[in-house]
Amino acid sequence: MEIPKDQITTLLDHGLYSSAQMLGCFLVSSSAVNAETSPHLKAENLILLGDALFREREYRRAIHTYKQALQYYKIVPKQNSTSSRSSLSTSNRSSSPNSFNVSTINESEVKYKIASCYFALSDIKAALVEMEGIPSKARNLQMSLLMAKLYRNSRHNRGAVACYKECLRHCPFVIEAITALAELGATAKDIISLFAQTPNRSVKAPFDHIDSSRWLQRYVEAQCCIASNDYKGGLEHFAELLQRFPNNIHILLEIAKVEAIIGKNDEAIMNFEKVRLIDPYILTYMDEYAMLLKVKCDYPKLNQLVHDLLSIDHTRPEVFVALSVLWERKDERAALSNAEKSIRIDERHIPGYIMKGNLLLSMKRPEAAVIAFRLAQELRPDLRSYQGLVHSYIASLKVKEALYAARGAMKTMPQSAKVLKLVGDVHSSNAGGREKAKKFYESALRLEPGYLGAAFALAELHVIEGRNGEAVSLLERYLKDWADDSLHVKLAQVFAATNMLQEALSHYEAALRINSQNEAAKKGLERLEKQMKGVDPDAPEEDEENEAEDVDGDQEEAELL
């Protein structure tokens, strides 16, 4: 008995993939379709089964089935093949694996489906082989986008740029192509010029008349600013877009991500929380949010966030980075394992490399940390990857390499107070460079007067050189405008170093009133109480001194995040 082909297409169209897969087994084994006399029908049936397997995420079986279909297709008599190809040339059917109403075989579509399976399995090389077998003229929008991703993952950037541009010529609203082109170095002018090349058949009206406010052009400018590390310009463009599209989750996330990178932690946290109120099931950039909660020592919120993410989708790289952040305080090895899992899931996931680098740095493995930060930098050279690289070189006592990396950051971000502070950190790592370090820290504060990181570094320099009074005066100036727990901790440390224990106690307590979870304040207070009782705080455990004195290191790690 012949199995009606339209029944399996009905099941596929209704998303009943398991039933479609089982029915497909009947379809391909039907004695009514002879492989020798009707290879074309056999190929069509196999493609339908492959489509069901693809949707069931049985990618290996789908690949095997699609390839069988192509083998049968190759033995179709030439006249049948020719007629099938001509009928396809007039077909408007999508090449997406979501489209299953196969009436005739399109070899390019099948190759695209095989490549999609390989891509899902992270076998980039095999996927590229399939896609490169499709003639460029036969590629549609979906094929061009997959080709672009494969080239980019293979670090064939020139090919990736060409394919992403082709996507925008098809349709100017392929947002991921815009972001990718910006990250690959295309200018806003170059990207916007592609919109005018969109054929009129693809859109209802020429692009110039689609939207009088030109919001998409503003979006392009924003992404190009961020890609070139002009964070201020990018935030201004995004803020303008947010006025036009209030509560736009994508824009809010982009703003929060940039704020996290440049150290505007409170603003970033506020925007991430706003996004979660609008959509509590969002996963995008939630690992960035987790890092910020760790910096703020807000462990109750961090615990709740990780619990929520695990319940939404425990297979995403963001979830494993968030788990890594949560485990860092309890078990650094477990934290490192989770960071590495995030990279195995998506080898282009930058927060995974940043987290891995920071963990390796805190585990006293700076050489390995250098590798992690370099990989992050290859994907997108931003402030955090530069900070991680510089501090890893300093920890490895490779001052020349640290200075080279810091100067590279200066070339990339010439007007950044964070980068000036970074150069200062390199100079302050040796006694002969402290005067230079002081100048860089002061320059950073002139450029960004509210940058506490530079103020803390300058205060530390004053303490090292015995100018405790200057350190106190510098930090107390910020107390008027900043209710910041880390500021009180730094002041407490300076007072403790000058044996002004009562003042130190007052500031540790102030820090804990602002943030009861501040680990540095807790440890500092514990040591201070022992000192005030006349007990040597270093006597019971040899490691405690290192822990107390490493508070500045913790602050720098927080800045890396």
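Glycine is no exception: its Cβ is also placed from the backbone N, Cα and C atoms.
Please treat TrEMBL annotations as automatic predictions, because they have not gone through curation.
Per TrEMBL, region 'Disordered' is recorded for 81-101 (among others).
Outside the repeat 'TPR' (485-518), and at least 6 residues removed from its termini, the chain residues within Cβ reach (under 8 Å) are 296-300, 452, 456, 459, 463, 468, 471-472, 475-476, 478-479, 524-525, 527-528, 531-532, 551-552, 555, 558. The repeat 'TPR' annotation in TrEMBL covers 485-518.
Look at TrEMBL and you will find 523-536 tagged as compositional bias 'Basic and acidic residues'.
The region 'Disordered' annotation in TrEMBL covers 523-561 (among others).
Residues annotated as compositional bias 'Acidic residues' in TrEMBL: 538-561.
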Residue counts (helix, strand, coil, in that order) that DSSP gives for the compositional bias 'Basic and acidic residues' (523-536): 10 helix, 0 strand, 4 coil
Confidence summary (mean pLDDT) of the repeat 'TPR' (485-518): 87
